[in-house]
Amino acid sequence: MNTLIGKTGIVVRNIQRAELDSIDALGRLGVATVHEAQNRKGLLSSKMRPIQQGTSLAGSAVTVLVAPGDNWMFHVAVEQCRPGDVLVVSPSSPCTDGYFGDLLATSLQARGVRALIVDAGVRDTQTLRDMGFAVWARAINAQGTVKETLGSVNLPVICGGQLINPGDIVVADDDGVVVVRRDECESTLVAAAERAGLEEEKRLRLAAGELGLDIYKMRERLEAKGLRYVDNIEDLEG
């Protein structure tokens with residue numbers, strides 16, 4: 001499938017999606033937990049930032065390749081979206097123009113799309129926040145775009161430095177964005193839920209006053225690294 005990266009003039013109408021209940025569960029677990037649960041893979045660039053705060057979600061990726069400074073394929077992609085999807089967009093060459101604003105967001109909301117992940121710029125951000133339409137973007141930029149050059153819809157793209165296939169699960173929150181392969185959805189969900197349970201146990205122990213030094217059995221390793229304790233700074237003199 002990677003040989004399809006960068007191809008243009010193609011729209012794939014039918015893609016496979018994971019079960020919505022599993023997607024929603026990944027969204028509740030959050031980016032950090034999911035990223036750790038899949039051995040720290042799939043995390044998009046830290047430059048992909050939310051324009052809003054307090055939103056955590058997941059959805060099936062509808063992928064879009066656009067030309068620099070050209071948002072034509074956004075409009076093409078809207079037709080291919082279903083409720084629960086997340087639109088994932090990448091330019092064929094780096095560009096931070098404002099590809100997306102409130103009108104396209106209105107169209108996507110009408111299709112039940114949950115969010116936009118775009119490796120480029122967006123604008124109308126205050127209106128987008130007022131609408132409750134979630135966006136993670138590389139830039140905020142009022143510079144507009146044209147509608148002239150073909151791209152693709154539902155072919156693999158590289159977004160935020162990660163390969164994203166149509167139908168992969170995208171999890172996004174205040175910490176960033178992580179991608180989960182569609183065929184790894186269930187196994188990742190099991191691992192992430194287990195990790196969340198263990199973290200809750202540790203949280204309760206920490207709240208009760210236990211030290212991370214003891215919970216994580218750090219003392220012997222610290223000693224082996226050469227860490228030593230002295231009662232007073234004067235003990236180091238002479």
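The backbone N, Cα and C atoms fix where each Cβ goes, and this holds for glycine too.
For the substrate site, Swiss-Prot gives Gly101, Asp102, Leu103, Leu104; the one candidate out of Arg111, Arg114, Arg123 that the record lists there too is Arg123. Fewest other C-beta atoms within 10 Å: among the binding-site residues Leu103, Leu104, that description fits Leu103. Sitting within 8 Å of the Cβ centre of Gly101, Asp102, Leu103, Leu104, Arg123, and not among those site residues for substrate, are the Cβ atoms of Phe100, Ala105, Thr106, Val122, Asp124, Thr127, Leu128.
In the three-state DSSP classification, Arg123 (substrate binding site) falls within coil.
Here the binding-site residues are Gly101, Asp102, Arg123, and the one with the most other Cβ atoms within 10 Å of its Cβ is Arg123.
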